[in-house]
């Protein structure tokens, strides 16, 4: 027989084998009324290496908080003003979504006034944030961005004037920072606030189209006031940016006030329940006292005192960036719960395997599972520190100004590094669910859309901070916080090659941190030298030429500090039953970070090929090991099915009847639609042309 004929027969045999129903599939070939999902999930839960309840207490910081969250979820499910009254969330029109979101906010504010337990108050907000991203963002704009601007930049008298009304929602605030033409480039903002000595007023003005405040949450339809960041003009001189409270709408009628033009941005990729808007100011006059004057001030006599440090004007961006960690947990925990449960329920292969047992599947999902735990632990460490620093704004201005630069640098670095990896995790979840994730009814597509804002707002330039602090360290000035290792950069770089001999070395936190310290210090000194040699005249060009390497530097530095904070956080749980699971997830994250930057270590000769293979093999082993606890680790987030809104992620594993039921419930009619009669019917019933 000819070789080509043999090859063709071999291909035909392979196709026939592929199409033949294998013995293990016989039970699926005709029908299957006994789903395997419930039994599979029950088995996964029975084999957990820890008690799920213990892990939930770690995630929520105590049994009392766990109980409060359970009660909050129950309140939402039972309250007709908090839950979806009918239909499915993804079938709402934009107007319906807006109304529902505002109804939820009004009811939540009402309940908070009645609830005396602060734990339950916080739990209700958190639970509602899981239930609706639009709700979460509307609340966030008012209670974090608007309110925090007053607390960080307002004097005690201004706080007395505004905070009570803000907390009671007697005013509804928004945060007017970004502009149409400059986005979050604050130095380039065009909106002006010009002091009028004759009237002791500030005149807020949008001089150009590009100065239009843009993407301002709640400005589209709702907010009565905004805190606007403007270029401050006094006697013709620009004193840089400052914050001003500007009334937008009459609280009794909702009508825009004279000089204020505002509208809605329109349809977005997600969060339709949030009225993102635009604002233009046309010579809007506000009292002198509406300038936030904790750091910069204008006296009644017209004497202007600028801020002692320009960086203070950017301070409100710090908590905005830090909240990314909490927001990421909300979205990623839901996406991973759906994807991991589906992976454990869905079976496919020659031996009818759970698809979660395939290496390509668990290596794409398990790092994400470890990541959301790391986010939870690091978030707590970060916010504890930030609350301490923010407190200095009221009690110790000197301490506040000393701490702010590092807080700014950390927030910028984490904003970039963590949000970009989170988008990768979300995409992995989508792919892991195949075509079912393309359905809005399985939630992941919507969650991906919701997360888009996280990688957009706030900026993420951490490299400049690293280059600046390295220069300080080289000049003999001690640097603090996340960059303290730069004080010893010479000692760190005295070693040019790793001492790694055994993969077990990579399981030690201090060893991994030393490796990342070397990489960050190496890249920082390399970039610092290039920029210094460029001088002032060539600095901008040199910066742009090396921008990708500077981003690489910021990424290594940020992940290094992230791992340090995670270890610091889990050390508080060292004597708990779940510490071993937390430690394993930290080790996986450490290996993930090393693998992420293997190219850097190989380029610099710090690792060789054998070291790279060691890292990659350990990563595979760690993912396989953590996969054993995949379902318990997901269950510990304790997210109810009605919050997930995804039938393929159901807790009991009986996913297909729930999925089919969701789709058929949304079907309004089985009759042919109007467009069928208008367009399809004429084509189908056209008379055949005569061929005579």
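Glycine is treated like the rest: Cβ placed from N, Cα and C.
Curation does not apply to TrEMBL; its annotations are automatic.
Small disclaimer: the values here were computed from a predicted structure and weren't measured.
As given in TrEMBL:
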type    : residues : note
BINDING : 178, 217 : FAD binding site
DOMAIN  : 52-172   : domain 'Acyl-coenzyme A oxidase N-terminal'
DOMAIN  : 174-284  : domain 'Acyl-CoA oxidase/dehydrogenase middle'
DOMAIN  : 314-462  : domain 'Acyl-CoA oxidase C-alpha1'
DOMAIN  : 510-685  : domain 'Acyl-CoA oxidase C-terminal'
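The Cβ of residue 217 (FAD binding site) lies under 8 Å from the Cβ of 137, 138, 140, 141, 145, 174, 175, 274, 275, 276, 277, each of these being in the same chain and 6 or more residues away along the sequence. Taking pairs at least six residues apart, the domain 'Acyl-CoA oxidase C-terminal' (510-685) and the domain 'Acyl-coenzyme A oxidase N-terminal' (52-172) share three or more Cβ pairs below 8 Å and count as touching. Note: the domain 'Acyl-coenzyme A oxidase N-terminal' (52-172) comprises 96 helix, 0 strand, 25 coil (DSSP; helix = H, G, I, strand = E, B). Each residue of the domain 'Acyl-CoA oxidase C-alpha1' (314-462) gets a DSSP state, and the totals for helix, strand and coil are 126 helix, 2 strand, 21 coil.
Computed over the domain 'Acyl-CoA oxidase C-terminal' (510-685), the whole-number mean pLDDT of the model equals 96.
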